[in-house]
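A short write-up of the structure that comes next.
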Amino acid sequence: MKIPEAVNHINVQNNIDLVDGKINPNKDTKALQKNISCVTNSSSSGISEKHLDHCADTVKSFLRKSIAAQSYSKMFSQGTSFKSLNLSIEAPSGARSSFRSLEHLDKVSRHYLSEIIQKTHPLSSDERHLLSIIINSDFNFRHQSNANLSNNTLNIKSFDKIKSENIQTYKNTFSEDIEEIANHDFVFFGVEISNHQETLPLNKTHHTVDFGANAYIIDHDSPYGYMTLTDHFDNAIPPVFYHEHQSFFLDNFKEVVDEVSRYVHGNQGKTDVPIFNTKDMRLGIGLHLIDFIRKSKDQRFREFCYNKNIDPVSLDRIINFVFQLEYHIPRMLSTDNFKKIRLRDISLEDAIKASNYEEINNKVTDKKMAHQALAYSLGNAKSDMALYLLSKFNFTKQDIAEMEKMNNNMYCELYDVEYLLSEDSANYKVLEYFISNGLVDVNKRFQKANSGDTMLDNAMKSKDSKTIDFLLKNGAVSGKRFGR
C-alpha cells in the first residue's frame, strides 16, 4: 500500500518513520540462536555480566515478539470485522504464528495513516504546531480494575490468558467483541497526556464506564501495542452529558458540545475502526484531531485548540473529549515500573467479582458479613470465592436459612439458594459441598424464581449431566412429582 507524498510535507519536530520494515522470522531466529550460544559454558568462558544481561534481554525480546505475533494472528484471522473490511489474514497453518501478523499490523496502520493524511493535507501553520505538540507528548496508560493486580510487580493478563489458566474473574470482554474483532488476547488501557503536575489520573472513566477503584498507571508503551481512537468495538463517542469532564466543555463552548457525539471511523463506514501501531499512533491522533477541528463550527473551540501555549491537561481534555483513546498490549503486561492509585472504596460485591482476596478479608470479619459475601459469590457464579468463604467460615444449615432472609441482598430477595446452586452458570463443586455437608435439602422446592421447581429441574434445563447424576445419586426428584 503506497503512502502518499503528502506525508513528506508534514513538518514536525520528530522524524516520522513510515518505511515498511520487513520482518524475517528466520533471520530473527538465527540471531537469537547466536546470542543464546554465548551463554553456553559461561562459567568457563569468562563472559561479562553485561554480556549475559544482553543475551537475556535478547531472549526476552524474542519471546515478547513471538507472543505479540500470536495475539495479532488471532485478531486479524478470526475477527469478522477484519474479514468484511478485507483487512484479515489467514490463520496460521501450524501451532505457531509467524511474524507476518506483525507485518500486517504495520500495513494496516499505514493504511489508516494514509487515509487521514490524504484527508488533511496540506496543514496550516497552526495545525503543524498542534501536531508537533501531540507527536512530542509523553503518554500515561491507565488500566482500572477492582482486582489487586500488583505487589511489587504489576501483572495484567488478557481475558484469553486468564481463561486459559482457569482463573475466575469478572470480565469486560463480551461475545460480540470476540466474534467481531477477536482482540481478547490483549490488555486494555485508557490513554492520557503526561508532563503535568496534576494528581494522577486525569480521567477515571472510559467511554462513560468506571472499570474499577484501582488505577494502575504506566508511562511506557509497547513496541507491539496498537491504539484505537475509541473503544475498539464500540466506536461511538457518547454525548457531552455523559462525559467525565462535561462542565469544562459546557461552560466554555457551545457548538462543539453538539458535534462531539458521533462514530469515529475510516472510509468504509462506521464499522471501519482506524488502528495505529505504537510508532504511528501519535501522528494518527494528531491528524484525526485536526480533521475534527476543521469540521467544527465552534470558533472558540478552534482557537482554544490552536493556542500556542496550550498546557498538557487542556490538551488531554480535548483529546479525551473528541475521542476516547484506547491502547492495547498483547497478552500480558508485567512490570515493576508502575503507579497504583486508589480512586474510591471497593464494594463487597465488586471485590467478590474481582476475586480480590485482600479486600474481602478486610471487609468480611464476622459471620454476618460472610452471609453477604457468600450470597454475592453464589449470585455472581463465583465458585472460587464461594469455596474460599465456605472453607474460612463454619457455615451451618441455620446460617444458610438466615442468609436467605437477608433483605439487603438482591440475590437472596430474588432467588432461593438452591436455585443459585443449580442454575446453568453454577459450579458443580459448590453444589457438592452444600449437599454433602447438609447445608440444603436436595428436594426443596423453589419459592421465588421458578417457583415449584427443584434443583433437578434446573439441572435438566441446562442439560448438565454431571450435576444431574450427582443430584440423582442423592435422591433428587423433579418438582413435578409434588404437583403444583
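Using the three backbone atoms N, Cα and C, a Cβ is placed for every residue, glycine included.
For the NAD(+) site that Swiss-Prot gives as His143, Gln144, Ser145, Leu149, Ile162, Phe188, His206, Phe211, Asp231, Glu326, the extra residue drawn from Asn136, Asn172, Asn337 is Asn172. The list of residues near the repeat 'ANK 2' (451-480) in space but at least 6 beyond its ends in sequence, with Cβ under 8 angstroms from a Cβ of it, reads 418-419, 421-424, 426, 428, 431-432, 435, 442-445. When the Cα atoms are compared, Glu326 (active site) and Phe188 (NAD(+) binding site) turn out to be 7 Å apart. Under the three-state DSSP scheme, Ile162 (NAD(+) binding site) falls in the helix class.
Residues 378-379, 381, 383, 386-387, 390, 395-397, 399-400, 403-404, 450, 453-456, 458-459, 461-462, 464, 466-467, 470-471, 474-477 of the same chain, all 6+ positions outside the repeat 'ANK 1' (414-444), place their C-beta atoms under 8 angstroms from a C-beta of that stretch. Its Cβ taken as reference, Asp231 (site 'Important for catalytic activity') is surrounded by 19 other Cβ atoms within 10 Å in the chains shown. Rounded to a whole number, the distance between the Cα atoms of Asp231 (site 'Important for catalytic activity') and Ser145 (NAD(+) binding site) is 17 Å.
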